[in-house]
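Student: This structure is in structure tokens; I'll ask about it shortly.
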Amino acid sequence: MDISNEASVDPFSIGPSSIMGRTIAFRVLFCRSMSQLRRDLFRFLLHWFLRFKLTVSPFVSWFHPRNPQGILAVVTIIAFVLKRYTNVKIKAEMAYRRKFWRNMMRTALTYEEWAHAAKMLEKETPKMNESDLYDEELVKNKLQELRHRRQEGSLRDIMFCMRADLVRNLGNMCNSELHKGRLQVPRHIKEYIDEVSTQLRMVCNSDSEELSLEEKLSFMHETRHAFGRTALLLSGGASLGAFHVGVVRTLVEHKLLPRIIAGSSVGSIICAVVASRSWPELQSFFENSLHSLQFFDQLGGVFSIVKRVMTQGALHDIRQLQCMLRNLTSNLTFQEAYDMTGRILGITVCSPRKHEPPRCLNYLTSPHVVIWSAVTASCAFPGLFEAQELMAKDRSGEIVPYHPPFNLDPEVGTKSSSGRRWRDGSLEVDLPMMQLKELFNVNHFIVSQANPHIAPLLRLKDLVRAYGGRFAAKLAHLVEMEVKHRCNQVLELGFPLGGLAKLFAQEWEGDVTVVMPATLAQYSKIIQNPTHVELQKAANQGRRCTWEKLSAIKSNCGIELALDDSVAILNHMRRLKKSAERAATATSSSHHGLASTTRFNASRRIPSWNVLARENSTGSLDDLVTDNNLHASSGRNLSDSETESVELSSWTRTGGPLMRTASANKFIDFVQSLDIDIALVRGFSSSPNSPAVPPGGSFTPSPRSIAAHSDIESNSNSNNLGTSTSSITVTEGDLLQPERTSNGFVLNVVKRENLGMPSIGNQNTELPESVQLDIPEKEMDCSSVSEHEEDDNDNEEEHNGSSLVTVSSEDSGLQEPVSGSVIDA
């Protein structure tokens, strides 16, 4: 049979094909008939109609003509609904524009692009109520008071009121919420900062005889000390530390970089680069030398990694990091870097030993430690690099271990010894806030946070604040405090996880915190050398995040920068004044053929090491330093915060206290033991011929001065005025003996070859070598401002009432009468 001749059968289905038909059919199967289905459906519709009628009838009654209140309420509701839902399109457009400008800010490569996008976003964003975030009325009243005082024109009133009431956080104007998402500082705060800066410049630039230079400088020092300092803190984070480059670069470009910079781990690398370079060198480094930041070496094969871990206990070899740091910082010490740039560098390290506390290395606590050694120790994270020994410069400039080696087991008597080693400071003190507060009077911190275990938590905290409001932000802060509290409890109880608890028990944030928005790709390469593209990406992230904080930084640091500018200008004027006085004195002495009137400016405290290292000078050091300061100030903007260059070379360059001669040490002991009566100090007249002791005055010399006077009394009559000189030389082996005369003190320099020989008299008068005895004050930092003010007071008394006499020189010695009004024990 042929298959093609078979009849085709169409497909068929049982039951209705539509959904409604199937539903009815299904319902009929469970009902007795269609009439029963219609009755059930009618009852269901009637039930819901009655319920709807009972619900709607009260609202319908409002439309009755005899119920005007109901009609008014209904019209109000309808108007509100129309207003609410007719603006949906407009609000959607505004949200789209805000999103667009935010994306522009996230991808901006220059500050101009970012500022334009931020300005447009600020227009699209509803304005906040600023009076809820700070005391606007207090700032306005203070601004009016300052303007009224300036219009009166009394500089002393301005100085008096500003010295009494000048604080950083006036009316909570440093509130971080106030500056969040803002391009500019709020108007009233900006006007207040500008007014204070204007009045500070008025005091600084005043030429009236009402205020002396010393008085203005003292006022600026005291006000700055009371106002406080700002420090920049850079956290750890391995290769994520390239984020700090963008932060520092932005602060440098806007001239907001603080003078105090501290960090740990990779943050210490960026701090070392910044603290060892001038402004032009910093800008050149950011533009051309980013590729030199190679933190890690090549891991190599599996066997080399296993061998390194078994022998050194570390994954990477630290020699690559040491070579990079040597190229970046040379062999500079903390003191030399401070003398060269004026910036204070702080690096934190901690010890593997259980009972040794962490340290913050700086030019005060460890002046001669080599910077590259401190940075490598601060980067030695356990398992990544082995712990390192600190290196320092000795008296001859050689690189030696900072700590002497000690016996590992003295009870057994073994001869093996090892030096003290240090490791990553972020393990215990990632942000050394407490140390900087104690040493440098810091009360405001700018923190760049890139730690992989902290940055995500801070980003989450910002998201909670942005989407949850203030109450949610307070809850997030409460959770943070609870975590830190539990970690501190773990540390107190001494549980085995104490090392992990230390990471979370530290301070994470500062007054202004810049948090890195790291991606998963960046976290995956955290212990690898970043490529040039990755470095640029991280640096751009740092720049954009810092641009968002510029408003807060300008508001918090504006007055501080104005104080720094004024102090820098006044210090420059004082250096010029002293140079002119020395030049005029030298010219007058050479013209009249008389000995110069050299002064020794002794204060009521022992001078610091940086000031007293002068005995081996040839007399031209002051002039060289003054010329260098003039050239340096002419080549850069005086408005930066680090123009306070020192007046003397550091002790590491001129020999320092470790290279003092025996005679210089004797002279220092003599200055410390002087005990001059206050009547004698005030009794000196301005004329060189006036008597040393006023009528009715008393003088009580110290036992050391009495002994010195009795020793040299036989030789004092043979000393006469010698040839014209401006200074004397004290060399190794010479003896410096004091003597009180009728018009001051005589300092007899007895030559080494004449010790033990009788006085010959005035046979061969030689011309002594030229060296200056006056010691210009090295500009003090904020930790010694009060002592510096005492020096300034002594200088003023010296100018007003001291008597200056001439210098004489002979074979047996040379006399230097010194004003008694400036030597006070």
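Cβ from N, Cα, C; glycine included.
Quantities reported herein were computed from a predicted structural model and do not represent experimental measurements.
Sharing the record's features from Swiss-Prot:
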| type | residues | note |
| --- | --- | --- |
| CARBOHYD | Asn129 | N-linked glycosylation site |
| DOMAIN | 232-437 | domain 'PNPLA' |
| CARBOHYD | Asn327 | N-linked glycosylation site |
| CARBOHYD | Asn331 | N-linked glycosylation site |
| ACT_SITE | Asp424 | active site, proton acceptor |
| CARBOHYD | Asn601 | N-linked glycosylation site |
| CARBOHYD | Asn616 | N-linked glycosylation site |
| REGION | 632-655 | region 'Disordered' |
| COMPBIAS | 632-653 | compositional bias 'Polar residues' |
| CARBOHYD | Asn637 | N-linked glycosylation site |
| REGION | 686-726 | region 'Disordered' |
| REGION | 776-825 | region 'Disordered' |
| COMPBIAS | 788-797 | compositional bias 'Acidic residues' |
| CARBOHYD | Asn800 | N-linked glycosylation site |
| COMPBIAS | 801-812 | compositional bias 'Polar residues' |
Student: Of the recorded positions Asn327, Asn331, Asp424, which one has its Cα closest to the Cα of Asn129 (N-linked glycosylation site)?
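Tutor: Of all the candidates listed, Asp424 is nearest in space.
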Student: Between Asp424 (active site, proton acceptor) and Asn327 (N-linked glycosylation site), what C-alpha distance do you get in Å?
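Tutor: Counting only the Cα atoms, the answer is 21 Å.
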Student: Can you count the other CB atoms that lie within 10 A of the CB of Asn129 (N-linked glycosylation site)?
Tutor: 7
Student: According to DSSP, which of helix, strand or coil covers Asp424 (active site, proton acceptor)?
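Tutor: Note: Asp424 (active site, proton acceptor) is in a strand by DSSP.
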Student: Just to verify: the residue among Asn327, Asn331 with the fewest other Cβ atoms within 10 Å, which of the glycosylation sites is it?
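Tutor: Comparing Cβ neighbour counts within 10 Å for the glycosylation sites Asn327, Asn331 gives Asn327.
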Student: Provide the number of Cβ atoms within 10 Å of the Cβ of Asp424 (active site, proton acceptor), excluding the reference atom itself.
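Tutor: 24, counting other Cβ atoms within 10 Å of Asp424 (active site, proton acceptor).
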Student: Calculate the per-residue pLDDT averaged over the domain 'PNPLA' (232-437) and state the result as an integer.
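Tutor: The predicted confidence over the domain 'PNPLA' (232-437), as a mean pLDDT, is 86.
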